[in-house]
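Asks: Sharing a structure with you now.
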Amino acid sequence: MDKIIKSISETGSFRAFVLDSTQTVKTAQEKHQTLSSSTVALGRTLIANQILAANQKGDSKITVKVIGDSSFGHIISVADTKGHVKGYIQNTGVDIKKTATGEVLVGPFMGNGHFVTIIDYGTGNPYTSTTPLITGEIGEDFAYYLTESEQTPSAVGLNVLLDEEDKVKVAGGFMVQALPGASEEEIARYEKRLQEMPAISTLLAAEDPSDALLSAIYGDEGYKRLSEDSLSFQCDCSKDRFESALMSLPNTDLQDMIDQDHGAEIICQFCQTRYQFSEDDLKGIINDKA
């Protein structure tokens, strides 16, 4: 089961979130049939949004858009505060690796663009923030967003490891933030430790990735686990929701679907679920609008 662990240093000067998002990204890959680079890019975006959502309260919904002008197109993710996330990538077929090492490439093929967040508090006035993509690797872009938009210096690591068949093996990440009152000495100590910590791919490959991440972040310093919550890929689409969308169309469009297509099929972008509407369904929608 995927999980996010929230923790704080014994001194109260730093906090860290660590995530095991393996099943989340596996589900996304299965639903969208993504190839290697697209899988890693989508997975990192989902993990970033899981971190953002874990930092919100109430019934907020958080949308993350990674908008590049190169191979991937747009990557869209929506998360809630209950641990659910969904998402899709426009180009599912990007599959580019370094010849010598087999490393899956993301950043060089993201292009120029923006990291956009939309936080909907349910009040009708969502908060939108846009920062430029710095590297296109998504983790660094997310850290830059946190520093620039939320004014919180943050260290972030996100990654997705694939097996020999390019299927998701393990996925996860971390976020470390200095809290008000952290001394310059403490900040320097954490910065040094984070710079020297093993690659996140190495930590995720450990027997217990969450423990490996926490140990690398805190080293010999004490810390307290504040909470552990479950995470999952879950889409909230439904036939009723798409029926409402059809009701917003002009009757002439609905009649064309009846006359020309003898029905309609709608595919959810976020989870690829297919919804069928028969001729009778469409006639019923027209009648309901009358």
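Each Cβ is built from the backbone N, Cα and C atoms, and glycine gets one as well.
Okay, these came from Swiss-Prot:
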| type | residues | note |
| --- | --- | --- |
| DISULFID | C235-C237 | disulfide bond |
| DISULFID | C268-C271 | disulfide bond |
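Any idea what these are sitting next to in the structure?
Replies: DSSP gives C237 (disulfide bond) a coil state; it is part of no helix or strand. Sequence-distant contacts of C237 (disulfide bond), defined by Cβ-Cβ distance under 8 angstroms and a gap of at least six in the same chain, are C268, F270, C271, T273.
According to DSSP, C271 (disulfide bond) sits in a coil region rather than a helix or strand.
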